[in-house]
Amino acid sequence: MEPAGPAPGRLGPLLCLLLAASCAWSGVAGEEELQVIQPDKSVLVAAGETATLRCTATSLIPVGPIQWFRGAGPGRELIYNQKEGHFPRVTTVSDLTKRNNMDFSIRIGNITPADAGTYYCVKFRKGSPDDVEFKSGAGTELSVRAKPSAPVVSGPAARATPQHTVSFTCESHGFSPRDITLKWFKNGNELSDFQTNVDPVGESVSYSIHSTAKVVLTREDVHSQVICEVAHVTLQGDPLRGTANLSETIRVPPTLEVTQQPVRAENQVNVTCQVRKFYPQRLQLTWLENGNVSRTETASTVTENKDGTYNWMSWLLVNVSAHRDDVKLTCQVEHDGQPAVSKSHDLKVSAHPKEQGSNTAAENTGSNERNIYIVVGVVCTLLVALLMAALYLVRIRQKKAQGSTSSTRLHEPEKNAREITQDTNDITYADLNLPKGKKPAPQAAEPNNHTEYASIQTSPQPASEDTLTYADLDMVHLNRTPKQPAPKPEPSFSEYASVQVPRK
């Protein structure tokens, strides 16, 4: 007898159970086979470029969307949701609308250092009401290779004088990776006294660098520059440079020199104050006379030196006639808001101004009088010479025009020959009559020492008759030629005749 089979009413439920179990086992097998694969462990992208993050799934089961996150844990940031949301910087690599598409890679455009981090591709299973995270990829670390910003160099807040040490700082930000090189230069010469720090110390999406250098100032640093140079892997070509001009940092104090110039006018002395080698140009000068302010002025027209410093000169006219005593002149300079520096000069007043003026006038008058005397003397000398020459000519002409002679008559008086024959020596005499014409008076004060005389000599002769001898004396031949007239008196001279009377 055949065994009885299952009742027809019980066969339906059993088939349903078998089908359900079969479906359950197949679903579990699909879930166990699903894998989310992120093949790239890290991606390095330059700032401004587009980063591609790859992700694939091995199965479409379970049903549910794919989402991208940056970071893990509760604070993770949603980057892309396949199901919903608006993400303008994110695009998918493949067309997710295609059937059986299992490529869930994305692209992120215009990358910035802030985008750096680890990105995760996560598979969700459809649930009600919310989807449930099913499986996540291993993650891809996105590194942004960012260029450093242009270095900014800053100096001290206040100016410093030469021989002082000042500090300069250099800063650059937003670069990645962390490795960076920084150097300092002054006028092309590398500096060694500086310290550099890169922050933060640990991992970060971007970094900053800060460096401080020490520089010793000199008087020639007005045109000098300090340079901060930054080199990074993201830079192509020359490194970045930041500069600072030492002209914004240095202050060169002036040197003063006060000198006295020659007198420009009567009783006025020019005193100059030369302000040399100063920087910057801001300068105020004050003149003091014996401590009292005389004039204040601001440097306007200055002369620039080759080293960038300036020169300026101020002058002061001092009226010495207004001072009885010596004057102390002071040139006081205030430069760039600093305490005033000064230089003094003592102006000597040797005598009372009026006496000095009188002496000067007397000297001028004496000089003029001497000149007048010289001129008058020369003229008088010429006139006297002409007058003497004229007198000489007149006198010569008068003498030639006279034409008369001086006659001398010698008389022998009556004598009683018989009465006086007894006398062996006859007495003979001569009467010398020398007629003279009037001479022109050459000068009132001129003496006329003129002597005319006759000498009679007797000598023994043989006895003979008395002889009467006449002698005519020509005045023309007796007169010597007179010397030329001169201011001195004429020398005296003598005119004489010798008559010899022989005895009989």
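Backbone N, Cα and C atoms are what each Cβ position is placed from, and that goes for glycine too.
Residues annotated as signal peptide in Swiss-Prot, with sequence analysis given as evidence: 1-30.
What Swiss-Prot lists as domain 'Ig-like V-type' is 32-137. DSSP labels the residues of the domain 'Ig-like V-type' (32-137) in these numbers: 5 helix, 43 strand, 58 coil.
If you look up Swiss-Prot, you'll see 148-247 marked as domain 'Ig-like C1-type 1'.
Under the heading domain 'Ig-like C1-type 2', Swiss-Prot lists 254-348.
Per Swiss-Prot, compositional bias 'Basic and acidic residues' is recorded for 336-355 (among others).
For 374-394, the entry in Swiss-Prot reads transmembrane segment.
Feature annotation from Swiss-Prot assigns topological domain 'Cytoplasmic' to 395-504; the stated evidence is sequence analysis. Within the model, the topological domain 'Cytoplasmic' (395-504) carries an average pLDDT of 49.
Look at Swiss-Prot and you will find 409-421 (among others) tagged as compositional bias 'Basic and acidic residues'.
Marked as motif 'SH2-binding' by Swiss-Prot: 429-432 (among others).
According to Swiss-Prot, the feature motif 'SH3-binding' maps to 439-444, an assignment based on sequence analysis.
The motif 'SH2-binding' annotation in Swiss-Prot covers 453-456 (among others), and the record cites sequence analysis as its basis.
Taken from Swiss-Prot, the feature motif 'SH2-binding' covers 470-473 (among others).
Positions annotated as motif 'SH2-binding' by Swiss-Prot: 496-499 (among others).
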Legend entry - Helix, strand and coil totals (DSSP H, G, I; E, B; other) for the domain 'Ig-like C1-type 2' (254-348): 3 helix, 65 strand, 27 coil
